[in-house]
Amino acid sequence: MKIIQAEYSGPLNGKVHIPGSKNSSLALLAAACLADDIVTLEGIPRIDDVRIIAGISRDIGMELKQEGHQVVIDPRWIHSAVIDPGKASSFRASYYFAGALLSKIGRVTIGFPGGDDFVSRPIDQHIKVFQALGAQVHIHHDYYIVEAAELKGADIYFDTVTCGATINAMLAAVRAKGRTQLHNAAVDPEVVDTANFLNRLGARIYGAGTERIRIEGVSYLNGGMHTVIPDRLIAGAFLMAAGLQGGQVTVKDVIPEHLGACLAKLEEVGMHVECGESHITAYGTGKLKATRIRTGMYPGFATDLQQPMTSLLLHAKGKSIVTERIFPKRFAHVPQLRRLGAEIEQRQESIFIRGGLPLQGGWVHATDVRAGTCLLLAGIAAEGTTFVTGVEHIERGYEDVIGSFRAIGAKLYLRELDAQELPGRMHRQG
Ligand code: EPU
């Protein structure tokens, strides 16, 4: 079993290249199904979710080749829209294949989305979109079927702001007959990236990045080339690393505007941040102030950044409060941080952090990619040695987590252990 060993590393200093966005890549790879010719995507990270998509592509007759960070997709020979429930439920973004294949073929059979478990992650807004466009949705035990003789444009009002369902609505509507308008749409960079990609192929999507998106259906999409946006969530976590012990970290190849709320918070807790055109440098001053965070949809403070931010706030004297408004139960990292000596109390959708106490190394388990990042940050700032299990969850989001953290001086090592070598509690946790 893989574990990551983290040693106390002192101030972190250095530069790190930020890879392409995982979440955008997953949307773009499914969107590529919609094209009628060959598509090349640049900057796609080499992560497990992409490997699963490669498997799905083979099953449906779509050729997908990844060399380095370039993925070449030939969607001209798609012959099936039946997606194995096991593959679909091994990652969250499989729902994008429902929208894309419904749009292209008119019928898709697919398993329910899996991915990180935050207790409740409904897909009612995705279903609502398909139905609004004229599709029928049949729910079975471990899969669902979506079918339509013809998709017709519609006015769709989202009940809640959702990035996933906004992207899926664009995928489903792009080849529908007539005009679709999405109201209360998400404005995330991943939505804009997907719209830009589809427009490059000949789609007619207007207003992505605002709360109202208009899609004029087209009957044909060309092939083309697109570069995925950088991963703002990975970038944010590395900038936080600079604040742990008073270091200086530069993230390269980023879009600073995508990190506005994060950078404002880093300044608020006493860090200093400087932005260039495509890089950001964060300076830790060695003194952090406690703060209050409420997560929100973009451009608010991202839910995916509250876990690494919690590790930073453990070093800010006083009481910080983090309120999770997107996935109110997304606190699986908290009991793990307590194992390292953190004093954190959880009440409903908020945690109360008593910062400024020393952390002691120990055994912790990562349950999802962002919780894993949080534990790595905690481990490199804790006295002694921390062992992190659940490495497969971290690797779902990072192509080379060890290499990237080592580039800024973090003492992280990948180890292989037999299950018997784990302490009893970790063994049971898996
Ligand atoms: N929601 C609904 N109904 C739906 C869909 C969403 O009520 O049908 C709610 C959710 O429960 C949540 C809110 O809407 O309260 C926003 O959810 P969203 O649809 O935006 O999330 P998602 O598509 O499930 C994506 C990312 C997550 C990220 C959220 C934040 C992917 C594959 N996943 O999830 O990324 O936290 O957006 O908006 O793109 C991660 O990268 O670690 C990760 C979990």
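Backbone N, Cα and C define each Cβ position, glycine as well.
Annotated active site, proton donor per TrEMBL: ASP116, in sequence order. Positions annotated as phosphoenolpyruvate binding site by TrEMBL: LYS22, ASN23. Feature annotation from TrEMBL assigns UDP-N-acetyl-alpha-D-glucosamine binding site to ARG92, ARG121, PRO122, ILE123, ASP124, GLN125, ASP304, ILE326. Among the features that TrEMBL reports, domain 'Enolpyruvate transferase' is placed at 9-401.
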Self-check item: List of residues, in chain order, with Cβ under 8 A from that of ILE326 (UDP-N-acetyl-alpha-D-glucosamine binding site) and at least 6 apart
Solution: THR295, GLY296, MET297, THR303
Exercise. Measure from the Cβ of ARG92 (UDP-N-acetyl-alpha-D-glucosamine binding site) and count the other Cβ atoms within 10 Å, all protein chains considered.
Key: 20
Quiz item: At the level of the C-alpha atoms, what whole-angstrom distance separates ASP304 (UDP-N-acetyl-alpha-D-glucosamine binding site) and ASN23 (phosphoenolpyruvate binding site)?
Solution: 11
Quiz item: When you measure from the Cβ of ASP124 (UDP-N-acetyl-alpha-D-glucosamine binding site), how many other Cβ atoms are you left with inside 10 Å?
Solution: 11
Quiz item: Cα of ASP124 (UDP-N-acetyl-alpha-D-glucosamine binding site) to Cα of ASN23 (phosphoenolpyruvate binding site): how many Å, rounded?
Solution: 20
Self-check item: Model confidence over the domain 'Enolpyruvate transferase' (9-401), averaged pLDDT
Solution: 96
Self-check item: Densest Cβ neighbourhood among LYS22, ARG121 (binding-site residues), 10 Å radius
Solution: LYS22
Exercise. Using all protein chains shown, find which of the binding-site residues ASN23, GLN125 scores highest when you count other CB atoms within 10 A of its CB.
Key: ASN23
Practice problem: Note down the number of other Cβ atoms within 10 Å of the Cβ of ASP304 (UDP-N-acetyl-alpha-D-glucosamine binding site), including every protein chain shown. | Solution: 24
